[in-house]
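Some features that TrEMBL has for this protein:
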type     : residues : note
DOMAIN   : 95-475   : domain 'Major facilitator superfamily (MFS) profile'
REGION   : 1-82     : region 'Disordered'
TRANSMEM : 96-120   : transmembrane segment
TRANSMEM : 126-148  : transmembrane segment
TRANSMEM : 218-240  : transmembrane segment
TRANSMEM : 246-269  : transmembrane segment
TRANSMEM : 299-321  : transmembrane segment
TRANSMEM : 333-353  : transmembrane segment
TRANSMEM : 365-384  : transmembrane segment
TRANSMEM : 390-413  : transmembrane segment
TRANSMEM : 425-447  : transmembrane segment
TRANSMEM : 453-478  : transmembrane segment
TRANSMEM : 490-513  : transmembrane segment
TRANSMEM : 519-538  : transmembrane segment
Amino acid sequence: MSQTATITRPATALSVGGKSNSPSSPMAAEGIELQRMGTGQSVGKDMTRVGSTPQDPRRTSSEEVGDADGAGPPPGHVAHGEVQRWNHPRGNVPKLAFAFLSFIIAGLNDAAVGALIPYLEQYYDLNYTIVSLVFLTPFAGYSVAAFTNARIHMKYGQRGVAVMAPLCHIITYAVVATHPPFPVIVVIYAISGFGNGLTDACYCAWVGDMDKANQVQGFMHACYSLGALFAPLIATSMVVKAGLPWYTFYYIMIAISVLEWVGLTITFWHKTGAVYRAEHPRQDGAKGAGTKDALKSKVTWMCALFFFTYMGVEVGLGGWVVTFMLRVRDAGAYASGISGSGFWAGMVAGRAGLGFVTERFGERLCISIYLVCCIALQLLFWLVPRFEVSAVAVAFLGFFLGPMFPGAVTVTAKLLPKDIHVSAIGFAMAMGGTGGTVFPFAIGAIAAKRGLLVSAVAVAFLGFFLGPMFPGAVTVTAKLLPKDIHVSAIGFAMAMGGTGGTVFPFAIGAIAAKRGLLVLQPIILALIVVVAGVWLAFPRIKKRQT
C-alpha cells in the first residue's frame, strides 16, 4: 500500500483504498497500521479525519481531543498508531528542547549537592552523616511520583507535568536560597524529587516510543550528564573564586527553572488529558490509569531493579571520584576536579554518540559489550595506582556507562504496552532516584569510618556492572510492553529507580558504620549478580516489536 486516498466526504467511517473502515471494524486499526508500516508516512499526514459515529465510544475525533467548538484536533495531535520522530510533528522540536533543559536542571540539582556538602557542613556546623540526609529525602518525592504519574497523565495530560514539575523545582530552590534551618532543606528536597520523578517518567516514556528512540534518548540523558558536569564547576567557582555564599548557586537554579516552566507550559499546553487519552487508548477497553497493569508486568519490575542499582552507582561514583583522586591518588585539587569532570564529560559523549551504535546493532548486544568494556576499565582504575591512568580510565568508564540508561529506557518502552508507559517508567525512575540518593550517603558514611579507597573500589565495581543497563533496560522494556501501558509501566519503573537512588546510599552507609567497610564487598557482589541475572532474564524483542 504505497498511497492512501484522502477522505473528502463527511462520513461515519474511514475509507482507505476503497474499503470501509469504521472504528468498529477490525479493518480500521489494521488499515492504519499497514499504512504506517508500508510507507513510513504518518497517518495524520495522509488521512483527514472528518468525524465519527457518536455511538462509538472509541472515537478519537475532534469532539474528544479538539476544542469545544469541534474545530479539529489541537496542533501536534498524533493519531493513535502513528510513530513520532524528533521533528514530526513539527511541535516536537521545541518540546524536546525544553525537555532537554529539564534534564539539564536535574543533572545540576543532583551534582551540586555533592559539591556543596563541605560548605553545608561548615555553615550549619554538622558532620557529614547528618548533612548527607539531603541525599535521602528525594526518595519520598520519587515514591509519590511513582504512583501518581499515570493519574496525572490521564487527567491533565503532559500539560499537567509541564506545569507541575518546574514549579516543584522553583519552590525547592527558592526555599534553599533563603538558607533556612537545615531540617527545612532536608524536607524541601522531597519536592524536587517529586518534580524529577514526573519529568523522568513523562519524557522518557514519550521519547521511548519514538522512531530511533535510542538516539533521542541518548541526547536527552546526555543533557542530564551535561548538567552534572557543570554543576560542581559553577558551584565551587562561585564559593571559592568569587567568595559568594553557598546558597547563591540556587539563585541561578531559580532562574533556569522559571525558563523551564515557561517553555514547557507553552509547548505542552495543548497536550491535555483528553489528548493523552485519545493517543493512548487502553487495551481491551480497560479502565483506570494503568498503574495496576504496570505493576503486574514482570518487565516493569525488572526495569525498576535495573534503575534502582544503576542510579545509585552513577551518582555515587560521580560524587566520589574527585575525593578519591585527591586522597588516594594524591592528586592536586585542580587535577582531581578535572578528573571528576572527565567522568561526566565521558558520560555526555557516550550518551550522545553511542546511541547511534546501539540503534544500529541492538540493545542486547551493545549493552553486553559496554559491560565488558566497563569491567576492563574498572580493573584498570583499581589496580594501577597512578593518577594519570585512573583519570583516563574514569573518563572512558563514564563513556561506556552513559548509554546504558537511555538504552534501558528505550527497551522498556518497546516491551511495554503504550498505555502503561508512564506508570511503569515512572515507577522504575523513582527506584533509580532512590538508589541515586542512598548510595552516595552510604559511601560517605563508610569512607568516614574505614577510608575512601575501599568505598571507591566498591562503588566503581558496582558502576561498571550496572552502568550500561539503565538505558538498555528502558529501551528493552519499551519494546516488550504494549504501547498502551508504556506511561504507567515505565513511570512506575522510573519511580522505583529514584527510590534506589535515595535508599542505597543511606543504607550502605548505616551498615558500614556498624559493621565496617568490608561489608560493601558482599553487598556489591550480590547486587552485581542480581543485575546480571535481571538483564539476562529480559525477554528477547521480536522483530515485530522493533
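Yeah, the Cβs are placed from backbone N, Cα and C, and that goes for glycine too.
Bear in mind that TrEMBL entries carry predicted annotations, made automatically and left uncurated.
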Of the listed stretches 96-120, 218-240, 246-269, 390-413, which one has the most C-beta pairs under 8 A with the transmembrane segment (365-384)?
-> 390-413
Please work out which recorded stretch in 218-240, 246-269, 390-413 has the most C-beta pairs separated by under 8 angstroms from the transmembrane segment (96-120)?
-> 218-240
May I ask for the residues of the chain that lie six or more residues beyond the transmembrane segment (218-240) and have a Cβ under 8 Å from a Cβ within it?
-> 96, 99-101, 103-112, 114-116, 119, 203-204, 207, 246, 248-249, 252, 318, 322, 337, 340-341, 344-345, 347-349, 351-356, 358, 398, 402-403, 405-407, 409, 471
Over the domain 'Major facilitator superfamily (MFS) profile' (95-475), what does the predicted model average in pLDDT?
-> 81
